[in-house]
Amino acid sequence: MPLSASSSSSPSHEQDKPPLRQALDPISSPYMSSINGTLSIAKDVLMGHFQSETHRSESTRILSDLAPSLMQPRFLNAANTYGPAKSLGKAPARPNSLLRLPTSLPQGLYSVGNQTTSNSLAIIEAVDRLTALSLDNSGNAQSSEEEVPSLIKGFKATIPSSELAKQRRRMIRGGLVDQDLGFEKIGLKKLGDRARGLLTEGGEDDASERGELDIGRKAKRRRRQRETRRISEGRHLQGKLHLEDLVQQADEISQDKENLHVRQSLIHAEILEVSAKIDALEEIRRRLEASLLHLQEEDLELDDELEGVQELMASPAIKSAAGTKAVTASAAAAVSNKSSRRRKGPAFLPSEHDELPSGVAFMTLNGHTAPITALDFSEPYGMLVTAGQDDIVKVWDLCDGEEIGELRGHTGSVKALQVEDTLCLTGGSDGAVRLWDLRMVEDYEERLKSQLEELARQDPLERIAGQRAAEEDLKERDEFDWDEGPSGITEASIIDPSGGSPCVRTLEGHSKSVTALYYEDGCLVTGSSDKTIRQWDVATGQCVLTMDILWAISNPPAAPAPEPSSQAPPRLRHRSAVTGQQFAVPTPPYADGTWEMYQDFVGGVQFWGYALASGSGDGGVRMWDMRTGQAHRTLIGHTAPVTCLQFDEMNIVTGSLDKTIRIWDLRMGQVSEVHRYEYPVTALQFDSRKVVACTGENGVEVYNRTTHNHSRLTVNGHIKPAEKMRFIDKYLVSGGRDGCAKVWAM
């Protein structure tokens, strides 16, 4: 049955049509005619190669017009997603790309004449609305405020035939002018003007125009004549075009403007799509960079773990157990160049530690009644030693968080201490340095407790008589110890000084408080408020070298000539306090508003081989040669006393009361990074991956050296500013001004 009624049909044929068909013909005839036009075009294209030469040329022209628009990615993707029609035969191996386009009619359209239903009538009535709908997935929300044009509108606006109306209008305007000018020959410039639809300048001689190049009165006269001719030539169009032609041109111009808006919408949609792809690629890039940083941190962890294994291989216990072939020469050389204190490597933590949430304090040790001044521990879940302003030094068991005992012997508070395995070194305000065997603390506490209980049961008169006898005996031996214990009686009157005490050696030499110390491989270096640094031989208890900081300040090493553009080095604000007899500088207020007088002239010391670094109250960081006792370099940058420092092969990191942490490049002798905080920096420690510091706040500051991110440990933390800290791998212990110590999982 044909899709549209033919004008040559007989009256008998009209009567044979069903009543519904006769009713639908007036409604569907306009749309059926357009379908017939589409079918005729498709037939001419597909069947052109099997017809005469004229039909083949016509089909070639149609294909050349359609190809630039149909061969776009949008239409090709639509062709790939279009459902293939059902066929009985096998699909060809390499189908033609044109045949894959959605040019075939839907399956139900062929049976419209045979199966007429209410749905068919609804579709015919909604043709205008359906043609305006977009074929894109409606579930994808458009981010653009403008509505994306439908596929049919985009097709009409981008096919080459959409430009035919514009070309026809230009040809009409150019032809009318040429007709009025007598169809005379015109030059290339005028041909271009006519092609653009502009008014041409007739009657002008190209040769004379090329010959006259002067820019005087003749040029101005020619310009006035040219403008007069343009005005007169514009009048040729008046009366040549009728009203219908002008209305048609106005409609065509409106259609061209609509096509331009459609193209703009399409380009805008493509720009948004490209922007979305760029955002997706940026997100992928960010994730890949995060993965790369994670891999770099794992690489650094493996390096530290390798150092830890090499240190264990080089230990005397492993060597003696394995024999002479325990460590190769290369491994021994690698281990000998490393410092166990500066780079301990990752700790072999128990598996339960990995289950703890990171950044949370999982243990609190309460025992001091004043701010903690120093702390250190042997290993994770080992023994911890803390000292406070309450003049008490406590030893803790980190496995169960219980107090083991106290280290009694110093007069006054302890401001510096270090724990190496079972050896503990403490420096006090009495100027003495004491060495303790931590294995003897528990037995000593039990023996002391039992003797105190026995004295409590003893008759007071007998106890006084026994004390006098003991004092006389000690005077005869000249070995009396006047250090008082917590019970108010001397330790010498309770315990025999010849054995049982955990203090194994006392080093005396400083005249003021010992504020910093560093021990490694039998060598000890201490810094004191008497403005000197001393090197000790722990085995003999003798001071082998004394370095005077005041002499180094008054005789600085020759500094390199500063660059013309460099600024003047900063100076310490309290210069008089440095050279005075008593050093005292007020600290900036902490986060809780408290402050105190800072009297530790030497804030930190550390050595490696013969190289020694010290930070002092004048804000200078000095590098010393321990073979000569001379300072050969001074790093100037801090404007307040240096409170802490640490260095490795490449960098030295310092903290100061000027609220900054500076990372220095040892090769260049200059600052590579400066981190500023709101409150003074009182303690720091770093490894290859992070820098951890106490910056005058309740939390502990953590700076990731790989990602350059700052974070803070605050969960279940201190209620007052953190003062001191120490970490090994992912295990950290901090002490605050609240008198308690916190154990963190990092």
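Backbone N, Cα and C define each Cβ position, glycine as well.
What TrEMBL says about this protein:
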COMPBIAS  1-12  compositional bias 'Low complexity'
REGION    1-28  region 'Disordered'
REGION    199-231  region 'Disordered'
COMPBIAS  208-217  compositional bias 'Basic and acidic residues'
COMPBIAS  218-227  compositional bias 'Basic residues'
COILED    243-298  coiled coil
REPEAT    365-406  repeat 'WD'
REPEAT    407-439  repeat 'WD'
REGION    472-500  region 'Disordered'
REPEAT    507-546  repeat 'WD'
REPEAT    612-634  repeat 'WD'
REPEAT    635-674  repeat 'WD'
REPEAT    715-746  repeat 'WD'
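The average pLDDT computed over the repeat 'WD' (635-674) stands at 94. Residue counts for the compositional bias 'Basic residues' (218-227) by DSSP state, with H, G and I taken as helix and E and B as strand, are 10 helix, 0 strand, 0 coil. In terms of C-beta pairs under 8 Å, the stretch of 365-406, 407-439, 507-546, 715-746 lying closest in packing to the repeat 'WD' (612-634) is 507-546. Contact between the repeat 'WD' (715-746) and the repeat 'WD' (365-406) is supported by 3 or more Cβ pairs under 8 Å, counting only residues 6 or more apart in sequence. Residues 339-341, 412, 415-418, 420, 423, 425, 427-435, 583, 599-607, 612, 614, 616, 624, 626, 629 of the same chain, all 6+ positions outside the repeat 'WD' (507-546), place their C-beta atoms under 8 angstroms from a C-beta of that stretch.
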